[in-house]
């Protein structure tokens with residue numbers, strides 16, 4: 001995830017809360033073919049809705065160094081699918097928390113030690129850059145950890161699965177699916193890749209906060225959720241999925257591939273929550289702010305975001321603060337583009353977030369596992385309440 005600067009070419013990024021998506025609409029201007037006089041591979045990126053540009057991979061990283069968010073829509077152009085954002089929400093979420101007596105005991109089982117152990121290992125890979133061999137190795141390790149959690153819970157006996165979602169660039173995404181009584185699905189997401197923007201293929205990118213913190217946060221929430229016998233046995237009303245996306249740093253490539261496939265398969269996704277950067281609090285404290293969970297209020301679903309605030313109030317020991325990150329700041333953008341209600345939580349207000357990301361210094365030593373535990377509580381409460389929601 002990146003702190004977005006004010007984009008002169010993206011005035012629509014400040015238009016307030018946006019939500020669901022109308023698919024299959026033609027863009028205002030159909031993207032033109034890339035210039036042919038350069039030999040470098042070109043990628044079509046979108047910096048705001050329908051504001052596109054052809055760039056090289058190096059130019060992608062230059063934009064990110066400048067704090068500019070984008071989504072890589074090269075493949076979308078090839079399919080002829082042009083979704084568009086619009087205001088409003090088509091899913092109604094519970095106005096109150098209805099399962100506190102079940103959720104609170106599960107929250108007590110969440111472990112900071114588990115998250116620290118997992119993050120220590122996850123950051124030991126030289127880089128998790130999605131085109132690197134160590135990015136594939138880190139994905140294999142994460143897949144084995146997710147598989148262990150599913151297996152140890154007994155959920156596999158009732159149909160729970162873990163899938164490697166393959167991509168052309170090597171590093172796969174991971175999907176853990178816990179079936180419920182219907183195919184209506186709630187998704188919890190984080191991105192597993194990391195990047196060093198100075199030399200992505202060479203320099204170390206431990207990515208402790210971005211987004212190792214979100215990765216182990218939702219992993220621990222999955223483990224905690226599977227302490228529920230009702231969830232394990234598939235007695236929840238809805239199916240729950242946990243996603244670990246590849247190639248977010250390349251422009252939400254992994255999550256786009258998944259949600260575009262879900263759209264083709266006519267999957268009924270009722271909610272998607274992204275956790276990107278959940279561990280850094282010192283910036284907020286240095287600014288004289290109280291520790292709080294940052295909840296995005298731009299380019300998200302308004303109804304789902306209100307529900308997320310309610311979950312935070314009910315199940316977390318700290319409050320929330322509204323913040324904005326602009327267009328295409330993390331994988332919830334992909335869900336929204338393909339018509340699914342999405343929300344996002346992060347560690348603080350964006351202006352106080354971790355400035356060491358995308359460097360060799362994005363290290364565990366700067367993170368608060370107490371804060372990450374609050375995000376795990378949020379994730380578990382969100383998942384359980386919506387698992388039993390009547391949509």
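Cβ coordinates come from backbone N, Cα and C, glycine included.
Database features (Swiss-Prot):
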- 191, 210, 276: Zn(2+) 1 binding site (BINDING)
- 210, 249, 358: Zn(2+) 2 binding site (BINDING)
- 325-329: disulfide bond (DISULFID)
- 183: N-linked glycosylation site (CARBOHYD)
- 235: N-linked glycosylation site (CARBOHYD)
- 1-19: signal peptide (SIGNAL)
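In terms of Cα distance, none of the recorded positions chosen from 183, 235, 276, 325 sits within 10 Å of residue 249 (Zn(2+) 2 binding site).
Distances between the Cα of residue 276 (Zn(2+) 1 binding site) and those of the recorded positions 235, 325, 358 are shortest for 325. Residue with the densest Cβ environment among the binding-site residues 191, 358: 191, by other Cβ atoms within 10 Å. Taken residue by residue with DSSP, residue 210 (Zn(2+) 1 binding site) is part of a helix. A distance of 24 Å separates the Cα atom of residue 183 (N-linked glycosylation site) from that of residue 191 (Zn(2+) 1 binding site). Between the alpha carbons (Cα) of residue 191 (Zn(2+) 1 binding site) and residue 235 (N-linked glycosylation site) lies a span of roughly 28 Å.
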